[in-house]
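Pulled from TrEMBL, these are the features on record:
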DOMAIN    37-421  domain 'Cation/H+ exchanger transmembrane'
TRANSMEM  20-42  transmembrane segment
TRANSMEM  54-71  transmembrane segment
TRANSMEM  83-103  transmembrane segment
TRANSMEM  115-137  transmembrane segment
TRANSMEM  149-172  transmembrane segment
TRANSMEM  184-207  transmembrane segment
TRANSMEM  219-239  transmembrane segment
TRANSMEM  310-329  transmembrane segment
TRANSMEM  335-359  transmembrane segment
TRANSMEM  403-425  transmembrane segment
Amino acid sequence: MAVKMASDGLWQGENPLDFTLPLLAVQIAVVLVVTQGLAFALKPLRQPRVIAEILGGILLGPSALGRWGAFRRTIFPEWSTPALDTVSGLGLLLFLFLVGLELDFRAVRRVGPRSVAIAAAGIVPPLLAAAGIVPLLDLAIPAPRQASYLSMCVFLGAALSVTALPVLACILKELGLLGVPFGETAMAAAAVNDVFAWALLALALALSGGGREPKGPPLAPVYILSSGAVFVAFTFFALRPLMARLARRTGPCSSESNLTCSCAVACALLAGTVTDAIGVHPVFGAFVFGLAMPREDGFAERIGEKVTPLVSGLMLPLYFATSGLHTNVDNVQGVAAWGMVALVVAVAVVGKFTGTFAVAVAGTGMARREAAALGVAMSAKGLVELIVLNIGKEKKVLDDTTFAIFVIMALTTTVIATPLMTALYRHQSTATTPEIDGVGLKGGDACPA
């Protein structure tokens, strides 16, 4: 049954919460109040904001307040889910566009092969461990698996090996490490790591066919990957020069800068539509288009300054709270399931830490204490992990129980990152500590994660 956008009012006997727009406004208000309240409460513990946003969603979802039938039916009824998911998904699309804008690989070039070696060392052990975790998941969780073994291995490898770049930037900024060689190495390695992880996720989705029975030809995964490669090449070699020409014509103080920003956002949304048509998630299109945006004359930075407040302040908290709403911790039942939680957390932390520490010490000559801190930093998951997990659940690669297990892992690894980093690496922050050029936070931006 179609639902009207707005009611005719209480005086005419209609409840506004039975209509899409007023209910969505109430849902957003409730999410913001709960998540910002939790963020304020967790501030003395120096936790990233994403922790409060995920916990707020879990608190509002079926694990806590969602058990109260009247609350669930009134504030988060089942019929309202598509509208809430669509708005939060749009926020995710724009956020990945911003992530692409922020990733400037000049820092990677300065650090050199070290960043690639450290990133690879943090990816390979979790990726190999995923091959052993998949059969154990099948034993611990009797639910039938819809995705193939290979696609599950690649997907879980991406989920276990990803590093939350924005969370890492927040931690390093708070500890005064963004402007020192350690911080630059960590950010450069995390940038390379995330690009590899997104490529693995694209591969997993292409192999899985969305977790459903394949509808197309047997070579559909090959077609998807080939089309994706063509899209990336077209974006960098055709669209990027056009955007660079547009940036030179408008200039930093031009009255047409708002038009340029609108064009860039529109192109990012269309890029997401193209990758969805290819068979990969829309966020890939927005992310690749953000990566391809020219950096000359502060063009990418100006666009980011205009888009960031809406995305980070409103739409992104809504997305992570929605993730929490879809997480039911009660799905993790029994010794076997909680044993999988412990195993997944151990693999996510130990796998990343061991590989990163070994290469940092043996390959780059980094001091052991710094290498240990780098290993902990690369283990932080946070919001990027949640994005990966939600894509997996949406595409039916992950069932509800596996999703809940990995959400718990993401929360655990992110919560322990800041105190361990503080204990391992103490650097006296000063007002003159420079920001690194390229990947990182611009100026005095609040941490988006």
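Just so you know, glycine gets a Cβ as well, placed from its N, Cα and C.
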Discussion item. Same chain only, please: residues at least 6 beyond the ends of the transmembrane segment (184-207) with a C-beta under 8 Å from a C-beta of the stretch. Say none if there are none.
Written reply: 99, 103, 105, 107-108, 110-111, 114-116, 118-120, 122-123, 127, 148, 150-152, 154-155, 157-158, 161-163, 165, 168-169, 172, 177-178, 221, 224-225, 228, 279-281, 284, 287, 356, 364, 366, 374, 377-378, 384, 388, 391-392, 395, 397, 436, 438-440
Worksheet item: Hey, would you say the transmembrane segment (115-137) packs against the transmembrane segment (20-42), going by three or more CB pairs under 8 A that are 6+ residues apart?
Response: no
Discussion item. Quick check for me: are there 3+ Cβ pairs below 8 Å between the transmembrane segment (83-103) and the transmembrane segment (20-42), leaving out pairs under 6 residues apart?
Written reply: yes
Discussion item. Which range wins on Cβ pairs under 8 Å with the transmembrane segment (310-329): 54-71, 335-359, 403-425?
Written reply: 54-71
